[in-house]
């Protein structure tokens, strides 16, 4: 049977977001971290020998990364026990890289072209043409590469022709629109002659935990990285040790499932939640707690229990901006006003997420004020209707959360979740099915159930709205 090509954008798939018939109670296993998987792949092809990656995320973004690295000469064997990566003897030019809409591909791979023996071309989805690239392309030019673009701005598509000396040095960049610019340069720094010093000059760098993840993964492979000064990173020239790795679960992809417990008054457990992780998604523990949920990290994983109050709150999400859409959905279902700040850079993600969230939440009935770096969300009674995802997986996750308690929410495209979680729909439906089974088992054990009652009261009587005309913002 022919396997679908994961590197191609999925065909849009409308999806009626299911309402939760009962409080969501389930255990949900999420796949491996996209951020860790793609960093591990890049470091594996830069390493001094073969290595393996276990529990790597198998989704569009990581399929694009594997193909990109193969285009540069790497060998990646996908086996039942994981991916086995053999670095190339030397990086090859003359090829082209399809970036799709993956920020990690369009930013982490161009610096590898500095090591190639010829030009490497990069292209992506049409939406990717709007994503910021200029600071990184400027840094590559400072390192001796010739970068040519086919558009007026420094953006996809472009071609990188490396210098012959593979020299490092000092580069200054403005990383205020994406921390990936810093990570991209740090990943290749040890392979450049003389190493690399990266200095940020500009506004606050967002998503600093992602840079910390990059630095930690380099150090795990024996690379000397000095990050002792703010906005400055120095990578010493030297070998990158091959290392077999097991990828952590993707904590950001756990967000909609844990949010499901908070908005329905249920309990969701995500097993294998790592302790001491550098993933920004770990901030969900604090975020959900300030919304009023009970959060417990134990041997079984992370468990979130919804309470009878979903509170409004003020949150700076600058360190975990990928959580913005799901957090905005929570805010729209809360009792009080919420303010989200520190996320101006998400305007340059898969879509302008701030504008998209304001548009979709207002269409449902919420009152939303868009600021320069966030949103102020005033909850109101919400009504269903078409929820536009803008081909953005995080927007689709937000729509799914809203649909749990607001009737008649229909996502115009749920297939975009395949970008980082191809099994999202199946996992969502299984979560709801497990919740119903849990309630059925509890009812079956009740000794005082009257067998003469044909229609016992629903466990959610008075909890869920019964029609669009009577929609409520939350249980």
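Even glycines carry a Cβ here, placed using N, Cα and C.
Annotated phosphoenolpyruvate binding in TrEMBL involves 34, 103, 131, 180, 353, 419 plus, out of the candidates 79, 151, 335, 394, the residue 394. Ranges compared are 286-323, 438-475, and TrEMBL records region 'Disordered' for 438-475. Recorded residues residue 34 (phosphoenolpyruvate binding site) and residue 322 (active site, proton acceptor) have their alpha carbons 12 Å apart, per Cα-Cα distance. In sequence order, 324, 325, 343, 346, 347, 392, 394, 395 are the residues near residue 353 (phosphoenolpyruvate binding site), counting only same-chain partners six or more apart with C-beta under 8 A. In this record, phosphoenolpyruvate is bound by 34, 103, 131, 180, 353, 394, 419; the longest C-alpha to C-alpha distance in that set is 19 Å. When Cβ atoms from all protein chains are considered, those within 10 Å of residue 34 (phosphoenolpyruvate binding site) total 26, not counting its own. Neighbour list (residue 180 (phosphoenolpyruvate binding site), Cβ cut-off 8 Å, at least 6 residues apart, same chain): 103, 104, 107, 108, 210. The closest partner of residue 131 (phosphoenolpyruvate binding site) among the binding-site residues, by CA position, is 349; the full candidate set was 39, 179, 207, 349. Under the three-state DSSP scheme, residue 39 (3-phosphoshikimate binding site) falls in the helix class.
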